[in-house]
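In TrEMBL this protein carries:
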TRANSMEM  6-34  transmembrane segment
TRANSMEM  46-72  transmembrane segment
TRANSMEM  84-109  transmembrane segment
TRANSMEM  129-151  transmembrane segment
TRANSMEM  184-207  transmembrane segment
TRANSMEM  234-257  transmembrane segment
TRANSMEM  263-284  transmembrane segment
Amino acid sequence: MNFMATLTAVIASGLLVALGLAGNLFIVICNLFFRSSGQGLHLGDMLVTCIAVSTVILDLSIYLSMTLFLLGGMCPNSNITMQINMFLISAGISLNYWFIAWLCVYYCVKIINMSSRVFIRLQQNISTVICCCLAGNVPIIIPISCAAFYMGVNDSDNSTTQNNSCPPIEFMSSALGQVAMPLFVVQSIVALVLMMCSCSAIIVFLCGHIRQMQLSSPEIADSSQNLIRVAKMITVLALLYLFCTIAGALPVFIGQAAFSKEYLLVVDCMFSAACLGITVTLIAGNSSLRQKASACTTQCSQQTWNFKERGRCLIFEKRCSDEVIFV
């Protein structure tokens, strides 16, 4: 690839990153504003916010790594900047996996109705259960991210690109990599099973629920429309996860990766598009975000109007005091 083609690819990928960043900031700001207004967020909104934050970390880290590699000639783990980027990429991917998986589980438990006592207790304590599970995911994420930080760091030939590519990195060459690789595989499989089982259960339940409602009324109620929207949202998130896992982590499953410019550019564009897809899916599938944005706009307009009125009153009072002094 020549310099102009590389620069064009970097700019195009940067536009995808900017769009994703704007959408994720919209999600975070809406939820934080809703929280600061004295109203509490339920666990679903918190998980959506966490997905937005981890997506920002992942998107920016991948884009910075690609830019340093394509324009600066830096191979992965050739310096501390690239090592930190690899750590953040690995942590961002793992966090995204688990946040999306537990979001699917959360909506599955909230939507499905069962008469089992165990399921009812699970519905009542789902927030505590998911928080405990997220805490249990931390010991899995840390070694995987640390392995990404240290992989290939001792290779003397891994400092700069040669012939537009970097030497292959053996992920299993260190003891930490031998621990992290099985954890990464287990993490991917468990998260995928949680997502697919939750989505399948919701789809089966909604099909039966809507069929029963159509027998009594041909029109689908607004509550059912909201459930369908949520089911579509988490299904698309699960499919995006599956796509990224198969396409992006294939070199990891093989055991080594040759970092050529073409390979890294394809991976970066794929992840940037996937991150943008996650953001669009979260916004489109979460109707409360639009309500929060409308409330935020209304309150900001009200505060601006109050500020202007206060300024006018101060000016009027000052004029009155000046007239009194003049008299």
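Each residue, glycine too, has its Cβ placed from N, Cα and C.
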Would the transmembrane segment (184-207) and the transmembrane segment (84-109) count as touching if the test is at least 3 Cβ pairs under 8 Å, pairs 6 or more apart? yes
So which of 6-34, 129-151, 263-284 is most in touch with the transmembrane segment (46-72), counting Cβ pairs under 8 Å? 6-34
Highest-contact recorded stretch vs the transmembrane segment (263-284), from 6-34, 84-109, 129-151, CB pairs under 8 Å: 6-34
Sequence-distant contacts of the transmembrane segment (84-109), meaning Cβ under 8 Å and at least 6 residues beyond its ends, amount to 43-44, 47-48, 50-51, 54-55, 57-58, 61-62, 64-65, 68, 76-77, 119, 122-123, 126, 130, 133-134, 137, 140-141, 144-149, 151, 187-188, 190-192, 194-195, 197-199, 201-202, 230-231, 234, 237-238, 241, 244, 248, 278
